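Novice: Copied straight from TrEMBL:
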- C:R48, C:R54: NADP(+) binding site (BINDING)
- C:R125, C:S126, C:S127, C:G283, C:K298, C:P299, C:T300, C:P301, C:S302, C:R324: FMN binding site (BINDING)
Number of protein chains: 4
Amino acid sequence: MSGSTFGTFFRVTTWGESHGPAIGAVIDGCPAGLALSEEDIQKHLDRRKPGQSRYTTKRKESDKVQILSGVFDGRTTGTPISFIVFNEDQHSRDYGNLATTYRPGHADYTFDQKYGFRDYRGGGRSSGRETIGRVAAGAVALKILESLHVQLTTYSSSIGPIHIPEEDMDFSVISQNQLAMPNLDYAKKAADYLEQIMKEQDSCGGTIQCRINGLPAGIGEPVFGKLDATLAKAIMSIGSVKAVQIGDGIQVASSTGSQNNDAFYIEENQIAKKTNHAGGILGGISDGSEILLTASIKPTPSISQVQQTVTDQLEETDLVIKGRHDPIIVPRAVVVVESMAALSLVDLLFQNMTSRMDNFVDFYLRGEP
Amino acid sequence: MSGSTFGTFFRVTTWGESHGPAIGAVIDGCPAGLALSEEDIQKHLDRRKPGQSRYTTKRKESDKVQILSGVFDGRTTGTPISFIVFNEDQHSRDYGNLATTYRPGHADYTFDQKYGFRDYRGGGRSSGRETIGRVAAGAVALKILESLHVQLTTYSSSIGPIHIPEEDMDFSVISQNQLAMPNLDYAKKAADYLEQIMKEQDSCGGTIQCRINGLPAGIGEPVFGKLDATLAKAIMSIGSVKAVQIGDGIQVASSTGSQNNDAFYIEENQIAKKTNHAGGILGGISDGSEILLTASIKPTPSISQVQQTVTDQLEETDLVIKGRHDPIIVPRAVVVVESMAALSLVDLLFQNMTSRMDNFVDFYLRGEP
Amino acid sequence: MSGSTFGTFFRVTTWGESHGPAIGAVIDGCPAGLALSEEDIQKHLDRRKPGQSRYTTKRKESDKVQILSGVFDGRTTGTPISFIVFNEDQHSRDYGNLATTYRPGHADYTFDQKYGFRDYRGGGRSSGRETIGRVAAGAVALKILESLHVQLTTYSSSIGPIHIPEEDMDFSVISQNQLAMPNLDYAKKAADYLEQIMKEQDSCGGTIQCRINGLPAGIGEPVFGKLDATLAKAIMSIGSVKAVQIGDGIQVASSTGSQNNDAFYIEENQIAKKTNHAGGILGGISDGSEILLTASIKPTPSISQVQQTVTDQLEETDLVIKGRHDPIIVPRAVVVVESMAALSLVDLLFQNMTSRMDNFVDFYLRGEP
Amino acid sequence: MSGSTFGTFFRVTTWGESHGPAIGAVIDGCPAGLALSEEDIQKHLDRRKPGQSRYTTKRKESDKVQILSGVFDGRTTGTPISFIVFNEDQHSRDYGNLATTYRPGHADYTFDQKYGFRDYRGGGRSSGRETIGRVAAGAVALKILESLHVQLTTYSSSIGPIHIPEEDMDFSVISQNQLAMPNLDYAKKAADYLEQIMKEQDSCGGTIQCRINGLPAGIGEPVFGKLDATLAKAIMSIGSVKAVQIGDGIQVASSTGSQNNDAFYIEENQIAKKTNHAGGILGGISDGSEILLTASIKPTPSISQVQQTVTDQLEETDLVIKGRHDPIIVPRAVVVVESMAALSLVDLLFQNMTSRMDNFVDFYLRGEP
């Protein structure tokens, strides 16, 4: 179990290395009868495709997905769905000293420690290209969520020091800027900041927020299978994420009970909350209000500056990483965060179907005595 | 699968409600031959026991643990270890309107939404007493880690607005103050703050840090089974945790690559890092340096102030929660964070045993041709 | 993971040794709202209790079960259900040379090989008393199945050489004889055979059949999660079972396609089959007809005759096992087979709830647009 | 979770339909450093390839496997290994009434009941072609077992009424006859029988045995994770298997304890058994002697005779299945049984690595104080 499988009920396994022949994923557990086409997947893959803005690597990949199984006559059959994306930009090249030198901030050293050797071409399995499989599977999860009218809104909430206050967010403009920010003025400031960072041959980080609306109350399992715990694992499993917050997140630590408790009241004959410090989750279970999660993304570790490092022969050396690298991965990671959130939600929605006897009996005996 | 099981190789299932006859846990997957006594467990349970300081509930529980299986002649047998702690303070009492009223910040409403009804006595399964099972199992995990000289140092790094700067931390004094803080002056300030909060019939939150030293490099699985992702799930599954950070955590978002990358160098013929922004984890795998995780804990939701809320009959009402409640749970949650971290580490240490063929062959063929 | 957990959705963990203080089980994943009392469990435990006929050990155990969690006001809460049965007959005794001598047909030698040592008192974890946990959990599964009108009929189909032909079976008499056979004449013959076996200080085996009626079509997952594969694992996991057959079982190997295929026809506007060689399962999925499984049980390995064996010091020795032992375990194992079948069915019934999108959408959106 | 994943530590997911573009498998959990080439896989795939004898379908498939990930420089990297085999014979054809008619003995009806519709082309997911993924993964498991000198000998022990007595078996001739039988005279008799069956437009079944030698003692987990239970699930999950026996299998039911117990003795300073009725497994754990499992395979349900059946519109109809079909699948299923046994063994060998503390400590601290 090398850990490449996510989920219990909607189970996704991703496979593939950056410079192998192909990369892909298998979903085991998608219900039968969901309308699904390659275009449904492609539109999300295109959100993370390289070469779409001046802030991404020049690697040329069309990242065209093919569905190899599990769909018949345009609908899922209930059996495993296999996706494949062939790597196009995998021609032999000069990897220079990357086979023997450990890049700071990368997994080169830890892979060698764990496995004794590694596929050093482009980061191998720890490459960001691994997320292609996540996004392909996430696209299916998003379609399932759509059928329940569950909506995910995901965006760059900050880039480097440029942080958008919640009151200035306009989610309708997220797709109108290359940085996936919910405010065009801040996006302009962030772009200026990125130009400066690029001039300095440096990189920067940022934060991504995902807001989930329309999720029924009652989703998530008490104790270890909490909704927030599941989301935390899913989001922290994305390379470069170093913090996950739910609702008010780190601010709760300096708050008080009287401030932080969300008072219940009745609105239109339904239970509602006056505030949402909790981020839509109480005791690990959704309460029907908006779920807010925030992921903090570290700066891209590949920078063009000279860096001090070591080789696998325990010699100190200077490293210059060639080629152009993403000065920031935040905008491209937005769809990955959304995908991982969607995979978590679908898994827990399926799990919740067995939480009550009355539902179970009704499911099997509908109308029977 | 109601989600009460944690881990794959070292698998822990907790059970029990706050006011049921008993509470407990079962470990399935503890290796044979570990010396284990009830005292090994008890000393950790005592760290979370109520009634030990003026900052905890007055509930009287001795929380004496019994081992019911899996230990023979003082050593584990490799078969399931069952722990039980009888609830002593479970006599019938007046639960007032708690059966029908939803306490803000608690799981009352979401449990009802999920299950259709709930055990309303003392929070039932969502009570902090559930963590007794975690701590009992965690104590075994800590013993296993001890055998590898892996050390966990866990403490309250902030209480309300009182935050101890890293350079002022002295871990030797953690056990010398009731707040489990690594600085006695700050502990005094925090105590003063708590007095004020208690006067205001309010509560407060804080942060807990866990530092892990001595873990070999190579632990954690790439992709979904990352060490940081596993820790994030483990820690976020503790009620009241709203954020998890690894290493520099949220600060990475406003850092740059040149600042955030930890340069490798050679020290005493070993690979070392000049800084540790990454918190000991690269690509989801331990790099052999100190692992730092930080959990943000929300204020105790049970406060004595009058709160606005609703009933399960959709009527608005005022709520006054009777009895004395912990104005802060941070000091008692320290051992829970440590337990969950320990459970995560042991699970991944076991998993890592199958990562290399040479180790596998050596394990079974030692010295054979 | 020492393998003491069964199931994915309805997950059961058993714990406890023959001569430890207690034995028990935890169910994680029982839906909320099932009416459940200790009596519901006890009646099945009483079916396997020792001391009820002259064919069982004289060990005195009342085997009274207590429910420690997961039930409130007579109904399951959706959280883990913990069962405990205290071992009464666990007083210190003379285990003679059992600590160092390997009993033929028992797990003494293999436990030592696996774990390095073992709890030798009464077989420890490999004792038949482990099945108490299975039966307790199985009783809950049987209640769940009852709510869908799924019926299990389980009985001794043969004892030693006494085999009841299918046409002579009368299931109404199973509970009218101590051997749980569906024919009183054959039960008499079997009793005579057992008397002879007991005189010879020997033991014998037999077969158990379980017939499942009322299970909806569509249960079981294709490929590895087949209904028959799940049942095979469940039944083979019972100590002493050496063969599992579905439907015609081993007879299919010498049959032909034209004989073995069950022709479909229409009866009362429903699809039916003229024969049922398949035993109610096609492609690993239930077809709505009766499921038949047959388990072959080996003779009790504990016999009073002198046996040749060895010690853990690699010395040959003669072994005489003291005390009275069950000359046959088949009648007491009937409820264990039924329990394991029930656990398998419930797990797959839950899993099947997520097999179709239309059901999923209907579950969450009932009546909503 | 549609059930297409096998194993916990060495986890295999198969995907693909008979007439989709491709079929494949992903292994998650193969250790790093195993030498692996496509040829290692191909040689086992060729054992099940169609068109190799007059007893198989004429479907033309070269079944050439490609490894898409997880192998670098000829060695496994520890990350997921993805296999693909493109379906060549998948051109559009006339499926006649198979889209609406339920073939007796097939999964057509049960798939429709479960999923609401099905991929009717060539059986879709329930096709024997699904086993390509099992064999590809099994080939890797067999390489791992080879490194421990564990040997599997698998063969057709009977075909229709032609059953080879154990004393007449010569395993060296298995690969010298198209029926994979361990006796050439019996193979000739079986061939004659098959000619007759084919003339009658009928099909027949048979039995497959797998003998495992060299497995260390101590493999398998007590209770639910028994070695025999794991094997039973693995083997029963192969389509057409209706019975699984371990060692003496069904014969134990009519044996006595004194006959069936295998006496231990000392041979060359090692513990040995005088007989092996148990088939190498005691208490679910390997005892170091030969493991014997027997699978009973039903006759191929596709026969050319006219059969009575029904349509999905609940009309009775006559069915004639066109084309030539395997009159027997036993010889081609031999490698599938071997593959599933190998997958089970590797999974349990990995699991067993965590069974003892001394091994764990030694693994991580080798030579350290």
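Just so it is clear, glycine is given a Cβ too, placed from its N, Cα and C backbone atoms.
Quick caveat, the model's predicted, so the values are computed rather than measured.
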Novice: Looking only at C-alpha atoms, tell me how far C:R48 (NADP(+) binding site) is from C:S127 (FMN binding site), rounded to the nearest Å.
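Specialist: Taking the Cα atoms only, C:R48 (NADP(+) binding site) lies 13 Å from C:S127 (FMN binding site).
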Novice: Where does C:R54 (NADP(+) binding site) sit in the DSSP three-state scheme?
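Specialist: Reduced to three states, the DSSP call for C:R54 (NADP(+) binding site) is coil.
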Novice: Just how many other Cβ atoms lie inside 10 Å of the Cβ on C:R48 (NADP(+) binding site)?
Specialist: 23
Novice: What number of additional C-beta atoms lies within 10 angstroms of the C-beta atom of C:T300 (FMN binding site)?
Specialist: 25
Novice: Take the binding-site residues C:R48, C:R54, C:S127, C:T300 and keep those with a Cβ under 8 Å from any chain D Cβ; what remains?
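Specialist: The answer, in sequence order, is C:T300.
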Novice: Using Cα coordinates, what distance in whole Å links C:S302 (FMN binding site) and C:R54 (NADP(+) binding site)?
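Specialist: Spelling it out, the Cα of C:S302 (FMN binding site) and the Cα of C:R54 (NADP(+) binding site) are 16 Å apart.
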Novice: What is the interatomic distance between the Cα atoms of C:T300 (FMN binding site) and C:R54 (NADP(+) binding site), given in whole Å?
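Specialist: About 15 Å separates the two Cα atoms.
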Novice: By the count of other Cβ atoms within 10 Å, pick out the sparsest of the binding-site residues C:R54, C:R125, C:K298.
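Specialist: Each of the binding-site residues C:R54, C:R125, C:K298 was scored by Cβ atoms within 10 Å; lowest is C:R54.
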Novice: Cα-Cα separation of C:K298 (FMN binding site) and C:R54 (NADP(+) binding site), in Å?
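Specialist: About 19 Å separate the Cα atoms of these two residues.
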Novice: Can you give the largest Cα to Cα distance in Å, as a whole number, for the residues C:R125, C:S126, C:S127, C:G283, C:K298, C:P299, C:T300, C:P301, C:S302, C:R324 that bind FMN in the record?
Specialist: 45
Novice: Report, in whole Å, the straight Cα-to-Cα distance of C:R54 (NADP(+) binding site) from C:S127 (FMN binding site).
Specialist: 20
Novice: Hey, which of our binding-site residues C:R48, C:R125, C:S127, C:K298, C:T300, C:S302 end up with a Cβ under 8 Å from chain B?
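Specialist: Listed binding-site residues meeting the cut-off: C:R125.
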Novice: Where does C:R125 (FMN binding site) sit by DSSP, helix, strand or coil?
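Specialist: For C:R125 (FMN binding site) - judged by DSSP and reduced to three states - the answer is helix.
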